Amino acid sequence: KMTLLLALAALVSAFGSSFQYGYNVSVINSPAPYMQDFYNRTYLDRTGAPMDSGFQTLLWSLTVSMFPLGGLFGSLLVWPMVNNCGRKGTLLINNLFSIAAAILMGTSELAKTFEVIILSRVVMGIFAAALGSQLPWAHNSTPLGSQQLPWGSQQLPWAHNNSPGAHNNSPGLTTQLPWAHNNSPGLTTTPWGSQLPWAHNSPCSPPALQRLRGREDVDDEIQEMYQEDQSEKEEGQFSVLSLFTFRGLRWQLISIIVMMAGQQLSGVNAVFYYADRIFESAGVPSSSIQYVTVSIGAINVVMTLLAVFIVESLGRRILLLAGFVLCSASCAILTLALNLQTTVSWMSYLSIVCVIAYIIGHAIGPSPIPAVMITEMFLQSSRPAAFMVGGSVHWLSNFTVGLVFLYMEAGLGPYSFLIFCAICVTTMLYIFFIVPETKNKTFMEINRIMAKRNKVEIQESKELTDSYPLQKQEEKKVLSSSE
């Protein structure tokens, strides 16, 4: 049963986190010409000579990629912050990074320094990555079979704000300093202010769980918590090093690394970062690009909504496979279309269709599901370390694409998308042969499935039952006999 309290808590918390991540991934796209002009003017004032085109490419690549680099640093902070401050404390303390980044970005023109812009992107990346502590909180608070609520609420603001059309693409709406406007403290902190009334730690007692569920009978879930707690006590709290050396979680860890790397190295942020350039090279008039990007943004939101409703019926694995198949096919056909658009007039339209198909494929599976599967494949004892590893891979891959894509495009041209195609195919094959379906399965059930591949045995200990309060066991027996 989905209660109003649980729905509000999950929606508000997820909206605040994914809003910031999606917004800052693609907000750099629209004001790019103005920011590059600011770089040129600042450099000219300092040196008396215009900026070299190669140096400008390097600076802009750094501006784009510093956000995921900061994300890498932030993902390394998640584990110690969650363990020391709790998820609620991490959510609230993390606002300081957002405010600092907004102030740095907003004062960059006054200071006449583009280095401050690059620094602010690093700080904002730290803020966005530390939000990784929020997703397991929302997932842990949601009953089995209803995980589409935190999953969907996490992805909808991300889909909207990560869409190129979600920002000011119209010259008439763009201010002289669009980056200062787009990163104002009010915009970056308002979603988090709305979380304060709802932020709390995951339920750890029957009364708290009953309040979230809206019913008295929560014995099955309490028993599962005791079983998981007993398993955690036997395993102990995992560090990142112990997670890498523990055989019982070997293939779970490899799967998360592969899916997180495939998610970013598949080229999704290359499409979002440089969407306008892709459309321009496809022959779309500059006056019409804003309308194309707005339409694609709407498609992204609609497909994410659709995925929310079908993920529990089709399962995570099917959506992942379908998404990567669509992404790989789109990259391959996009390469062909971009190469032939000068000789075949309708190829420019085919390239736009390929971009749309790619965004649809990524929205239904590769984009949202890998992070959710971390919460489903790891117990509480190993989950913070798993999020730390998965987040590090995610942001490092994101940083790599943002840094090298401009050079790939200059050296390989349209053929650069073949690299993304190969990565999508490789990730799809791994998921097909290795990753199990986790839909409607408890942590212990998934652990048993992966134990066969890890070549370890899970002992069905009598303590798992004995650790459940005797009074509750007797209540269960009475209820069973009365039926």
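Positions of Cβ are set from backbone N, Cα and C atoms, glycine also.
As annotated by TrEMBL, domain 'Major facilitator superfamily (MFS) profile' applies to 10-439.
The transmembrane segment annotation in TrEMBL covers 58-79 (among others).
TrEMBL lists 91-111 (among others) with the feature transmembrane segment.
Annotation comment: TrEMBL describes 117-138 (among others) as transmembrane segment.
As annotated by TrEMBL, region 'Disordered' applies to 158-180.
The annotation transmembrane segment is assigned in TrEMBL to 253-274 (among others). Long-range contacts of the transmembrane segment (253-274) within the same chain: residues 25-26, 28-29, 64, 68, 162-164, 243-244, 320, 324, 327, 331, 355, 358-359, 362, 366-367, 369-371, 373-374, 377, 386, 389-391, 393-394, 397-398, 400-402, 405-406, 409, 417, 419-420, 423-424, 426-427, 430-431, 434-435, each at least 6 residues beyond the stretch ends and with a Cβ under 8 Å from a Cβ of the stretch.
As annotated by TrEMBL, transmembrane segment applies to 289-311 (among others).
Residues annotated as transmembrane segment in TrEMBL: 318-340 (among others). Same-chain neighbours of the transmembrane segment (318-340): 259, 262, 266-268, 281-282, 307, 310-311, 347-348, 350-351, 354-355, 357-358, 360-367, 369-370, 413-415, 417-418, 420-421, 424-425, 427-428, 431-432, 435, 437, counting only residues six or more beyond its ends whose CB sits under 8 Å from a CB of the stretch.
Residues of the same chain lying 6 or more positions beyond the ends of the transmembrane segment (346-364) and with a Cβ under 8 Å from any Cβ of it are 155, 159, 266-268, 271, 275, 278-279, 282-284, 292, 296, 299-300, 303-304, 306-307, 319, 322-327, 329-331, 333-334, 336-338, 340. Feature annotation from TrEMBL assigns transmembrane segment to 346-364 (among others).
Taken from TrEMBL, the feature transmembrane segment covers 385-408 (among others).
The transmembrane segment annotation in TrEMBL covers 414-435 (among others).
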